[in-house]
Structures are given as C-alpha cells and as structure tokens.
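The feature ATP binding site is assigned by Swiss-Prot to G170, D171, R172, Q173, T174, G175, K176, T177, with sequence analysis given as support. Per Swiss-Prot, the feature site 'Required for activity' maps to S363.
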Amino acid sequence: MVTSRADEISQIIRKRIEQYNTEVKIVNTGTVLQVGDGIARIYGLDDVMAGELVEFKEGTVGIALNLESKNVGVVLMGDGLMIQEGSSVKATGRIAQIPVSEGYLGRVVNALAKPIDGRGEISTSESRLIESPAPGIISRRSVYEPLQTGLIAIDSMIPIGRGQRELIIGDRQTGKTAVATDTILNQQGQNLVCVYVAIGQKASSVAQVVTTLQERGAMEYTIVVAETADSPATLQYLAPYTGAALAEYFMYRERHTLIIYDDPSKHAQAYRQMSLLLRRPPGREAYPGDVFYLHSRLLERVAKLSSQLGEGSMTALPIVETQSGDVSAYIPTNVISITDGQIFLSADLFNAGIRPAINVGISVSRVGSAAQIKAMKQVAGKLKLELAQFAELEAFAQFASDLDKATQNQLARGQRLRELLKQSQSAPLTVEEQIITIYTGTNSYLDSVEIAQVRKFIVELRAYLKTKKPKFNEIISSTKTFTGEAEAILKEAIQEQMELF
C-alpha cells in the first residue's frame with residue numbers, strides 16, 4: 001500500500017520535472033523617474049528601440065522617442081494622470097499600428113483608430129503600421145488621371161491629378177477647408193475613398209464638416225480622423241500618420257483615395273511641443289531640426305502606383321494657414337517645397353466677395369494639363385492668360401483716366417470671366433458644366449450681358465443644355481473631347497438662350 005503510494009508520488013514528480021520549461025523569459029523593464037506634460041523619463045529599458053511602444057503599469061501606452069545614455073524619453077498616448085514616480089514600465093517589442101478595414105467608411109475615429117462617433121465598435125481583421133515606408137520609384141507611375149474638385153478655377157487652371165500632392169494655403173477664414181470639403185462632395189459616384197484628418201481643430205469645426213458631409217451623403221465614402229485642440233500633443237502628432245495608413249489600405253487594394261490634412265502647421269506645433277519637452281535642441285521658430293522630415297515622410301506616402309501594384313492612388317490636399325499672407329514662414333515654405341503645387345487663397349479676394357478666393361496668378365499645379373481631360377484642355381487653354389492680362393490691366397486702369405476702346409473691352413471681358421469663377425459653397429460643378437461656362441466666357445458670348453446678370457445667364461444656359469440638348473453631355477462624358485459636334489450644339493444653345501434671356 002505504502003509502496004504504490006510512493007510510486008505514484010515519484011511518477012508525478014518525474015512528470016513535473018519533464019514538463020518544466022527551462023526557458024527564461026526576459027522582459028525589458030524600467031522605472032519611471034519623472035512624469036508630467038505628457039512626457040515620462042524612464043530609467044532602465046536598456047534594449048528599447050526608437051519608436052517602440054512601452055506600457056506602463058496602470059495601462060497607459062507611450063512611444064520611446066529619446067534614447068539617452070542615462071534614461072529614455074517617452075511621449076504618452078493619453079493624459080497619464082495615474083502614472084506614479086517609481087512605477088514599472090515594460091517594452092512591448094512592437095511599434096505603433098492600427099486596425100484597418102472597409103468598416104471604417106462613414107465613421108469618425110481618433111488617432112488610434114478608435115471610434116469616437118458613439119456608433120459602436122468597428123470590426124477589423126488586419127492591421128497596418130502607422131509609419132510605413134513610402135512606395136519607391138519603381139512602384140510608381142506618373143500622374144495622368146484627373147481628380148475633379150468641382151471648382152472651375154481649380155479644374156481649369158490648377159488641375160489636380162490622382163496621386164498628386166496639392167497644397168491649399170492662405171490666411172485664416174479664407175475658405176481653405178471649404179475648398180477641401182467641396183472636393184470631397186464632388187467625389188460622389190467616383191468610387192473614391194476620402195479621408196479627412198483634423199489636427200488640433202476646434203471640435204465645433206470638425207462637427208460642422210461631418211454634418212455637411214452627412215447631409216450631402218458623402219460620409220458613406222469618407223473616414224474622418226479627428227484629434228481636437230484639447231487632445232494630447234502625441235495624439236495630434238500621430239493623427240495624420242493614422243489617416244495615411246487608412247488611405248494606404250485602400251490604395252494597395254487598387255482603389256483611389258483622397259486625403260486632406262487640416263492642417264500640418266498644427267501638426268508641426270504639436271511636434272514642437274513634444275520635442276521641446278524632450279529637451280531636443282530648438283531651431284528656426286523653435287521647431288526641431290527634423291520638422292521637414294516630419295512632413296516629407298508623411299507626404300511622400302502619396303503616390304500613383306504602377307500597373308504591377310494595381311494602379312491604386314492616394315492624392316493629398318494639405319491645408320496650411322499663413323499669418324497675414326506670409327508664405328515665406330518656416331512651415332509654409334517646407335510644405336510648398338514637398339508638394340506638387342499650391343492653391344493660394346487670398347483674404348483680399350475673399351473680402352471683395354470673390355469666392356472661392358483663389359489667387360490664380362500665384363497658384364500653380366506642377367502636374368499641369370496631364371491631369372485634365374482633352375475637352376478641358378481645349379477650352380481652358382487661354383483662360384489663365386486672359387485673367388493674368390486682366391489683372392495687369394486692372395491695376396494700370398486705376399491710374400489711367402482715358403482708356404482706348406480695346407482696353408475697355410478687355411477689362412469688361414475680364415470682369416465677366418472673374419464673375420464666372422465665383423461659386424457657392426457646397427455646389428461643385430461637373431466637367432460638362434465647367435466646359436459650358438468657360439467656353440461661353442472666353443469666346444465673347446457674354447460681352448453683351450450685364451456683369452450682374454452673368455451668373456444667372458450661365459446657370460440658365462447649363463439647365464437649358466441639360467434638359468433640351470442632353471447629347472452635349474453625352475458626347476463630353478463618352479469621348480472626353482470637345483468635338484466639332486459638341487461645339488455646334490453649344491453655340492446653338494447659347495444663341496437660343498440669348499434670345500430667351
């Protein structure tokens with residue numbers, strides 16, 4: 001009896017010895033030396049990597065940004081109010097990543113891709129790194145497809161292509177966000193995914209944008225990533241990279257995406273705050289030395305992919321705010337040098353009632369007519385030149401008392417052209433409507449119409465063509481060319497409308 005009991009015990013002991021795992025699990029840990037202002041200094045964490053996520057005892061997560069000889073500087077992804085001096089921290093061995101899926105369409109999320117619209121969790125099956133490398137030279141192809149904004153001034157003279165980075169720059173309250181939201185509204189039915197990233201904006205401004213998109217049915221193809229002004233600097237710093245990761249998910253699935261960063265100057269300010277608190281040496285305007293790299297690595301992820309990768313695209317519209325028109329400040333010049341052109345919005349034009357307040361003279365698209373359909377190239381070719389000559393003449397005419405007839409005619413034509421470029425907010429126009437408008441203006445058909453009546457005449461002409469002569473729209477949409485037949489139909493419609501007007 002005693003022997004069998006002893007055998008059982010020895011068998012159990014033998015089994016336990018066999019099952020014993022001799023592997024030692026090494027955990028990279030450290031101790032909090034100091035915490036405050038969204039920054040923690042950690043002693044230990046000897047093997048931590050730059051950019052690695054670290055986890056505090058009470059659950060807060062941070063990113064190791066400064067690796068110094070005696071300690072590690074960590075930025076907190078939260079308020080960190082429960083972190084105490086002396087508490088333990090462990091390195092996770094991971095870098096920041098977010099879940100991605102089709103389920104994000106129509107949702108409002110924060111910089112960690114967590115929903116903040118109160119509509120429940122988002123089901124996801126895979127994840128992407130927040131910071132992923134930009135496509136290489138071989139992975140890209142040149143921009144050739146237009147991305148229509150619905151704004152005549154942009155689509156005719158400063159065209160944007162799929163895969164381009166076009167900066168929207170101007171003083172505060174000049175309609176920069178309105179240009180971006182109008183572009184989103186114009187993508188309805190284009191099978192294009194839009195991502196709007198709000199960095200350090202007022203919560204009321206973000207709510208207004210979301211409401212506009214919902215009312216117009218644009219939220220179903222849009223994702224809003226929002227970190228408002230009261231968010232920690234770390235989350236404001238991460239928000240644009242999160243937006244880029246979400247857009248990349250669709251781009252690599254052979255889809256077209258549009259991402260709007262509103263705005264990188266607030267992003268740079270959040271990064272400056274983090275850097276100064278981490279005691280990194282300040283440079284120009286107290287920004288750290290790598291603030292150019294901050295934006296270049298973000299905007300270089302924008303691409304038109306090669307046919308081997310499925311020809312997906314990601315187009316970016318960063319919005320930068322200037323102080324009293326000073327485009328030579330640090331952040332504006334940085335972003336101008338990274339992007340493929342800029343749309344300059346002028347406070348003077350805005351106050352003069354010219355909206356969108358686009359200064360066509362100093363706005364430029366470095367992709368140019370490659371991002372226009374043939375029909376638009378045919379009619380819009382001389383529009384920019386005529387407007388430039390008009391602006392020059394107008395400045396001269398202020399000092400001249402008696403002008404000859406030709407100059408007076410050119411001034412009158414210019415005033416009518418400028419009237420054509422005015423558009424109401426949230427009322428984007430189709431390419432066909434834009435072609436009608438530009439052709440009518442540049443071919444002297446409006447010279448006999450009073451300036452105050454120009455917009456009314458054009459609206460009626462567009463409606464007349466849509467209802468009475470639908471063949472015009474069919475020709476443009478099917479051939480993408482302003483054919484002789486289309487021109488004949490348009491001329492006929494203008495004559496008929498002139499008689500009715």
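Every residue gets a Cβ built from N, Cα and C, even glycine.
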Non-local Cβ contacts of T174 (ATP binding site) (under 8 Å, 6 or more apart, same chain)?
L345, S346, A347, F350, A357
One should report the C-alpha separation between K176 (ATP binding site) and S363 (site 'Required for activity'), rounded to whole angstrom, as 13
For T177 (ATP binding site): DSSP state (helix, strand, coil)
helix
For T177 (ATP binding site) and S363 (site 'Required for activity'), determine the Cα separation and express it in whole Å.
17
What are the other residues, in sequence order, whose C-beta lies within 8 angstroms of the center of the C-beta atoms of G170, D171, R172, Q173, T174, G175, K176, T177 at the ATP site?
E321, L345, A347, F350, A357
Most isolated by CB count within 10 A, of the binding-site residues R172, K176, is R172
Can you tell me the CA-to-CA distance separating R172 (ATP binding site) and S363 (site 'Required for activity'), as a whole number of Å?
17
Binding-site residues G170, D171, Q173, G175 vs S363 (site 'Required for activity'), shortest C-alpha separation belongs to G170
Binding-site residues compared (G170, D171, Q173, G175) - the one with the fewest other Cβ atoms within 10 Å:
Q173
Collapsed DSSP category at G170 (ATP binding site):
strand
I'd like the Cβ neighbour count for S363 (site 'Required for activity'), meaning other Cβ atoms within 10 Å of its Cβ, all protein chains included.
22
